[in-house]
Amino acid sequence: MVRFGLASLIVGFCGVHVRAAASVLETTDQPAIAPRKLLSFPVTRSTHTDELSDRRRREVRRDTVLDTDTTVFNYSSVSYLVELEMGTPAQKVKVVVDTGSSELWVNPDCSKASSEPQQEECIDNGSYDPSGSSTARISNRMKALKYGLGKATIRYVEDDIALPNSDVDLSGVRFGVATESDYVSHGILGLSFGNGLNLEYNSFIDELVDQKIVDSRTVSIALGTKDEQDHSGLITFGGVDTKKFIGDLHTAPILERQNNETFYRYWVNLDSVSITDSKDNSKTYSNESFPVFFDTGSTLSYLPKSIVDSLASDIGGRYSEALERVIVPCGLQGQLHFTFGDYTVDVDLEEFTWELSDGVTCAMGAQSEEDGSYVLGASFLRSVYTVYDLDTPALHFAHYANCGTNLQEIPKGKNTAGKFTGECGVEDIPSASSNGTSRRRVDGAADVDGDDDNAAPRYLINGGAMWMGVGLVVSYHAAWSFL
């Protein structure tokens, strides 16, 4: 059976050594960099293969809390994992870094993972036993998670969480411990909206702020390109790395909830998608704006069927029923262009494909979606540096590059996270030389509209109220605050 050779990427909370002239982030056994009010950790890459027949496309699932249903989305097996130390004494557990959800939970049933490789990886991720922790407080509250092709039931626990190789120790963090699960191989660290919106308690990011580890409810993520060496990616809480992107950050306000969901996500408007081939011929697939959300927990991107079908045809793709993927030639030249307002992100076609384990077959990094739940996953996010800003709220992003590291703290308050300018140039984009650097149209300066407090009513506004698309104001209890 054909297997995918997709990378599973692990965010290691390991030591960071910074040199001003370094082109990539180096790691040592020294404690993690923790300047006042920010935390930053490198991404470490490991590779596994997985049976395609057991691979799960991203599907709607139902999360039930008491009598409240919340629609969230499944994650793919190409993952970004962070290692946490839970309880006293510490128990090391790796969980998926997921901007598409808000819950932190651990301990899936590895024997019921979707394939043997995932079962092995699940075991390697470690587990947490609250009975073995002197600081654990076990709740009677349960939550059922129902996936398109999997499910889990979790029980809430409060316990201390430490970040390995740092002096950061969070006390009394609430998270879930799975009591049963099917077809799930990782726990999840949700990095979407938390207390007062998607949760009735503090999320991991909320705890970092409330326990004064960082000043801002932000997480900045560079996944690194698929061809870069290990340790090239970076995740930063409460700050940005100005040597991981080019020019000004573009700010896109977060949209209201979409598709009648009760769940708040990092929705923004995508205004057009186009392509430029190796001969500089261009074609636009869509000039009509539609909402998408940025999701590190998704391997692929999910776009309107008309766009995916046209793109597949133009690059010589064909849908394989057996593989359940659009198969395309490897080594494609050219670029896709994703336009957000006046800012365009260029993604090399080579970066937008996955090589299968046979080494000669490639799959397109997009699948069609017909229910309006459009996602920009890792196939897109590898080409951008993104600041997920829950305080404003907004996404701030720019073209990813790698010219070293220069960590900067994000100050408290709204409209502060988008004020940074990247120090890299086009020549610092990894693998650009093999994909036609001269054709790049990198927007070096984008309008940072975070100062505009007069956003249209369809945008989600903080400050104790939510403007909806029809102009209705829905007030929230006083405990909700992103100050």
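Note that Cβ sites are derived from N, Cα and C of the backbone, with glycine treated the same way.
Bear in mind that the values here come from a model prediction, so they are computed numbers and not experimental data.
The annotation signal peptide is assigned in TrEMBL to 1-20.
Look at TrEMBL and you will find 80-398 tagged as domain 'Peptidase A1'.
The annotation active site is assigned in TrEMBL to D98 (among others). Over all protein chains present, the Cβ of D98 (active site) has 25 other Cβ atoms lying within 10 Å.
Summarising the annotation, TrEMBL assigns region 'Disordered' to 109-135 (among others).
Per TrEMBL, active site is recorded for D295 (among others). Under DSSP, D295 (active site) is assigned to coil, being neither helix nor strand in the three-state scheme.
Look at TrEMBL and you will find 428-449 (among others) tagged as region 'Disordered'.
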CB contacts for D295 (active site) [other CB atoms within 10 A, all chains]: 27
Alpha-carbon spacing, D295 (active site) to D98 (active site), which is rounded to whole Å: 7
Average pLDDT across the domain 'Peptidase A1' (80-398), rounded to a whole number: 93
Secondary-structure category, per DSSP, in which D98 (active site) falls: strand
